[in-house]
């Protein structure tokens, strides 16, 4: 769902509802592979004005429940549940603070296995929302540390600012790229990040670069050649869409995207997508909608 500035006042007042924004990787370079399988990367994260919504209702039974299951993901493996349990355990072990239970409902719009960070974003929103609802009073740094134990991409969603990421993705430096319009194309397949990491072979000598050095050249994603080779539908889509603009992969896929200076131009190409191929147009944002909502709620004390 698109986050609309016209609805921002309503989103701020209904404190049970929290946005969970998508992200894109404007570029992604693999610079090495650790013995444990983790990949050293350099990438630039930017948020989209589009994403999921999570609804939180605290309960007295101290149980954590996800009301609507996400197809293909067992509840115990869901990052929302893992994030909530992580915060609950941390508060008990480190603060001797017994938190209440919670029922969580998700309105899912970010495609699963699309490289838009839906699971990581959901986990980050859960940590931030429950930090407020349970009155944990933890800092963003502490929440980011908790998130990092669950998923590498979670901290960038906790901080809510576009960033240049290094290491295995955990070293973040603030960076503000231009806020352009993006056409996101959603192929009808899901791609497992773990599967791609296991298959990826680093066959080049990579050098660490600054973010500005990457931005001086055409942007690319090092996972794209392998994914195009293994998923013919993505290769065909990129070939077809290259008639209109330069498209590239975000994350480990499956979604591909292109950037535009105007929303009108992006929508013009959206309407040229092949039948049964979905997509949407969104503005890139350097401050996530979640961070905006949290700031406004805090300023107006609507969370107290």
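Backbone N, Cα and C atoms are what each Cβ position is placed from, and that goes for glycine too.
Feature annotation from Swiss-Prot assigns active site to 23, 153; the stated evidence is sequence analysis. Residues or ranges marked as ATP binding site in Swiss-Prot (evidence: sequence analysis): 111, 112, 113, 114, 115, 116, 117, 118, 119, 120, 121.
Comparing residue 111 (ATP binding site) with residue 23 (active site), their Cα atoms are 12 Å apart once rounded. Using the Cβ center of 111, 112, 113, 114, 115, 116, 117, 118, 119, 120, 121 for ATP, the list of other same-chain residues with Cβ within 8 Å runs, in sequence order, 22, 110, 251. Around the Cβ of residue 111 (ATP binding site), the number of neighbouring Cβ atoms within 10 Å comes to 20. Fewest Cβ neighbours within 10 Å among the binding-site residues 113, 115, 117, 119: that distinction goes to 113. Residue 113 (ATP binding site) sits 13 Å from residue 23 (active site), taking the Cα positions as reference. Counted within 10 Å of its Cβ, the other Cβ atoms near residue 121 (ATP binding site) come to 30, all protein chains included. Considering only the binding-site residues 115, 117, 119, 121, the residues lying within 10 A of residue 153 (active site) on a C-alpha to C-alpha basis are 117, 119, 121.
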